[in-house]
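Beneath this line is the structure, given in structure tokens, with notes to follow.
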Amino acid sequence: MATIAFSRLSIYFCVLLLCHGSMAQLFGPNVNPWHNPRQGGFRECRFDRLQAFEPLRRVRSEAGVTEYFDEKNEQFQCTGTFVIRRVIEPQGLLVPRYSNTPGMVYIIQGRGSMGLTFPGCPATYQQQFQQFLPEGQSQSQKFRDEHQKIHQFRQGDIVALPAGVAHWFYNEGDAPVVALYVFDLNNNANQLEPRQKEFLLAGNNNREQQMYGRSIEQHSGQNIFSGFNNELLSEALGVNALVAKRLQGQNDQRGEIIRVKNGLKLLRPAFAQQQEQAQQQEQAQAQYQVQYSEEQQPSTRCNGLDENFCTIKARLNIENPSHADTYNPRAGRITRLNSQKFPILNLVQLSATRVNLYQNAILSPFWNVNAHSLVYIVQGHARVQVVSNLGKTVFNGVLRPGQLLIIPQHYVVLKKAEHEGCQYISFKTNANSMVSHLAGKNSIFRAMPVDVIANAYRISREQARSLKNNRGEELGAFTPRYQQQTYPGFSNESENEALE
């Protein structure tokens, strides 16, 4: 009997431990920087010559332009990334769509409203309004509209776009909205082929596309309703055949960015209510733990949709100086955005770093430990060198605004701002990206014994001690100590132009 009781007790504790581990996986935060749920990475890739990219082709719509970087280039394919830049003119609406891959949007300039439609979440915005008809016609009855939350965006915002979540953007300002999109094709959320696919819910892409420096081609793409039979569609949605045809976008030549003639009439709370909502959202975010692995784990006590999921913040500003992680008043500031600050990034599995370098400031040489990096120059110019595992320079040039450089994982990079300074944003293919610095506080030299450094480089102990400590407590952005008139290692323009 004692043996049976002991066996039952052992089984009980084993089950308890297993349940505890499963619950931790389900509801614990996915903040392990060494784990990244990405596919691919096994193909042979050559990163022996990097190049600065600019948009290769553009598609014009009624109220804006979509510019595509060269997704067929080996560097984009090897890193599993897809990049576009969109310009939305005032009163322009980017029609609703969703994508097979998760992504991030960086608002380079402009402001407006956007909506992300999460499945299963309630419509928390409600309004009633009276529609007035022209004189001589009777007034229609009151209509009630309700929808999910509308977000306001502005310059410097990062917007997370989970795979399969419908979204739209609207420019309600007086200046064009310019936004950079980065998508992760190798994310496990994408179970299709490693290509970017946008599923339009409205509009179409039946517009001419222009290849920069090449001939004009025709780009064809319809919205998802166009493939259904008109009668079946009208029956399924409970609308007449004419409305069904409108849904299918027949004879609609406006493209994917359309102009709203009289502007969108959007419901939004008063300023005080917005502040209250923001506070509630921050409280919910502090308590929220993203359940990224839940889809792959069986559960009988929940349906995969946490209450806080519907209120999770999908937008965060990365240019706010008060959010800087490191700041040197003579060199610049660095702001990092990862899943610990922005929990929805656990669903997207991307992160971002915004760097503002002052005049002639230099960034501590570093490598990305657990991610590829896509660097986009926002303002100013930067001298950049990238070195491979063979000690060879694979990029050596000056990046200008609008250019993008892919830096492979573990490749060492050195950046120096020119006289007007430099601002750039880098996207990392890990929700909690890590870097390892070569100089300054928390660098690898500071972590090594003096004798190791002296013997490794055949220098004296005094020289090794100076190498180890000469940047003192500086971290990230450095003020240059040794001014030179020329930089023979750099070229005025990128030496790594696109190979056409």
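We number each residue from 1, going along the chain as drawn.
Even glycines carry a Cβ here, placed using N, Cα and C.
Since we're looking at a predicted model, the values are computed, not measured.
Reviewing Cys14, Cys19, Cys78, the cysteine that Swiss-Prot connects to Cys45 via a disulfide bond turns out to be Cys78. According to Swiss-Prot, the feature region 'Disordered' maps to residues 481-500, out of the candidate ranges 201-220, 321-340, 481-500. Neighbour counts of Cβ atoms within 10 Å were compared for the disulfide-bonded residues Cys45, Cys78, and the top value is held by Cys78. Model confidence over the domain 'Cupin type-1 1' (50-245) stands at 87, taken as the mean pLDDT rounded to a whole number.
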